[in-house]
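Chemist: Below is the structure I would like to discuss, written out as structure tokens.
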Amino acid sequence: MASSLISKRIYWAVFIYVVLVSHACNGFYLPGSYMHTYSTGEEIFGKVNSLTSIETELPFSYYSLPYCKPLKGIKKSAENLGELLMGDQIDNSPYRFRMNVNASVYLCTTNPLNEHEVKLLKQRTRDLYQVNMILDNLPAMRFANQNGVNIQWTGFPVGYTPPNSNEDYIINHLKFKVLVHEYEGTGVEIIGTGEEGMGVISEADKKASGYEIVGFEVVPCSVKYDPEAMTKLHMYDNITSVNCPLELDKSQIIREQERVSFTYEVEFVKSNIRWPFRWDAYLKMEGARVHWFSILNSLMVIFFLAGIVFVIFLRTVRRDLTRYEELDKESQAQMNEELSGWKLVVGDVFREPNCSQLLCVMVGDGVQITGMAVVTILFAAFGFMSPASRGMLLTGMIILYLFLGTAAGYAGVRLWRTIKGTSEGWRSVAWSVACFFPGIVFVILTALNFILWGSKSTGAIPISLYFVLLSLWFCVSVPLTLLGGFLGTRAEPIQFPVRTNQIPREIPARKYPSWFLVLGAGTLPFGTLFIELFFILSSIWLGRFYYVFGFLLVVFLLLVVVCAEVSVVLTYMHLCVEDWQWWWKAFYASGSVALYVFLYSINYLVFDLQSLSGPVSAILYLGYSLIMAIAIMLSTGTIGFLMSFYFVHYLFSSVKID
């Protein structure tokens, strides 16, 4: 027993040492991105993801077009939950690469194109669909020079339409450049499995060598071949190298009865890029300096405004409390009769709000969404959400949301107990918390899914995945939310510092509706968010990588502070005019930022997504934007409400009441 324990400790000590050494010497390997080394001549097959377009935002299967198929048939890669929800469909492809072997290769020649295939190819070409090819988990990258500016894309187009022409041409020849780095290092080999189920590490070091793929570039071409000559070849036969033709008569036109031959060339180039840094080329963003200075400028402005509001607020409240507490009881009574303000609503400030159960439900869901956002952004900011792990971000968010159901149920039910003074009806509150936001998302996604099904897009959620999501909802999230609600009934309710009068106090009439001020308050939190929101929307809808999670973390923390301050100040202003109905106004003072987010999304659709075509794409965009806006409303509203609640509790517990 003692020797077994010692062996375990030695195993973990060596394992930690190996991890630390690899971290110090070769950089930190992100989770989900595993290093592969290949020997010269070793075969590597590329993969293909769904066809995507920034015009329609409807992904389609690669093999929905008449492309060459692998000899051993099409095989789908294992996909996680996030990839399935994003519409990714990764299949194997016939594109074969042999490490460090340059070659020009023939793939296949199609049968004469029929009317349906021609119509589909033309439609995909004019909708600017991209082929997304993957090699060793790296997307194919394409470079171009426009007006003296180097632009990079991932993927290559299905085809192209020359200016002032009604004809379309298909991309049927690809020039690949594979960047490789020669790796030589000390490897630690696991040579067996011990009795305790652990790998046994060999004491002798083993020299590991080979080549790592650190870059994958493509130049697409359209080449017209003689189909009679090409059909005599077999797949993977060598052909002569081809230069990309500039003349249209030498390019492959998309037309009925045309036979399209597909070929490709591979060139391996040695590179000094090391494997841990191979994603740097994909994460470069044009105008990075503008991005940095815009974010910093926004942070400085918001800190300045928030500091002014906070200082004024502290001085005002402290002066009121100091004046009130320095008076004796008779003077306090006389002061209450003569003065107006928050001191006069002491008997109504904790009166139960309208639709109190709905408020508890929205606060519970807000706690769940906020917790999910905090943990996700933290993990991403510290490098645990690698772009190499497709769908990992969305999968992690869903798992976090499910398990944070306990916190949601606890927060909702405890607030319910605080307002009602009893636990009666807590099951209804917990069930509502578990079903409110997921139910809204489920209804919107179902409506959008019918549209995607009608378009035969791979973005449509399969029926089997629907059952998986429903199982996760009702078998994981709902029980955990009910458990959190049960724990909320066992927690001590928050005691109000003052008693509530039986007869509610009349609220003085105002010249303008108080909701105008509440809706206007959302502009300040929106000011902290809109710059980062532009980059997030661009990454979602324009296919760009979003990687500045450190900035997003700072912006999120700043948003939390501003939401709390705005809500507290608005609550104090309402109490000063004897408006004791502050509960919902505190929630929407910060939650109203969601309105501006949705309006900005519409503005982004009109002015920045001008290439988006068709009502289907616009409906999909607005549907997903609505889900995002509702989540932001629940999160920011909860932050503002909880801060206002504790502020009001502190304020009235500081006043001496007989």
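A Cβ is built for glycine as well, from the same backbone N, Cα and C atoms used for every other residue.
What TrEMBL says about a protein is an automatic prediction, not a curated fact.
TrEMBL feature annotations, pasted as is:
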- 12-30: transmembrane segment (TRANSMEM)
- 292-314: transmembrane segment (TRANSMEM)
- 358-385: transmembrane segment (TRANSMEM)
- 391-416: transmembrane segment (TRANSMEM)
- 428-453: transmembrane segment (TRANSMEM)
- 465-487: transmembrane segment (TRANSMEM)
- 515-541: transmembrane segment (TRANSMEM)
- 547-575: transmembrane segment (TRANSMEM)
- 587-607: transmembrane segment (TRANSMEM)
- 619-652: transmembrane segment (TRANSMEM)
Chemist: Could you tell me whether the transmembrane segment (619-652) and the transmembrane segment (358-385) have 3+ CB pairs under 8 A, leaving out pairs under 6 positions apart?
Modeler: yes
Chemist: Six or more residues out from either end of the transmembrane segment (619-652), which same-chain residues have a Cβ under 8 Å from its Cβ atoms?
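Modeler: Distal contacts: 57-58, 317, 321, 342, 346, 349-350, 359, 362-363, 365-367, 369-370, 373, 437, 440-441, 444-445, 447-448, 451-452, 494, 496-498, 525, 540-541, 559-560, 563-564, 566-568, 570-572, 575, 582-583, 586-595, 597-598, 601-602, 605, 609, 612.
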Chemist: Take a look at 391-416, 428-453, 465-487, 515-541, 547-575 and tell me which one has the most Cβ pairs under 8 Å to the transmembrane segment (587-607).
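Modeler: Between the stretches 391-416, 428-453, 465-487, 515-541, 547-575, 515-541 has the largest tally.
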Chemist: Which residues of the same chain, at least 6 past either end of the transmembrane segment (391-416), have a Cβ under 8 Å from a Cβ in it?
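Modeler: The answer is 31-32, 79-86, 88, 356-357, 359-361, 363-365, 367-369, 371-372, 375-376, 379-380, 385, 423, 425-426, 429-430, 432-434, 472, 476-478, 480-489, 491, 493-494.
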Chemist: Sort out the residues at least 6 away from either end of the transmembrane segment (515-541), same chain, that have Cβ-Cβ distances under 8 Å to it, and list them.
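Modeler: Distant Cβ neighbours of the transmembrane segment (515-541) are 54, 57, 291, 294-295, 298-299, 301-302, 305-306, 548, 551-552, 555, 558-559, 562-563, 566-567, 570, 573, 585, 588-597, 600-601, 604, 608-609, 612, 621, 624, 636.
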Chemist: Do the transmembrane segment (465-487) and the transmembrane segment (428-453) come together with 3 or more C-beta pairs under 8 Å, pairs six or more apart in sequence?
Modeler: yes
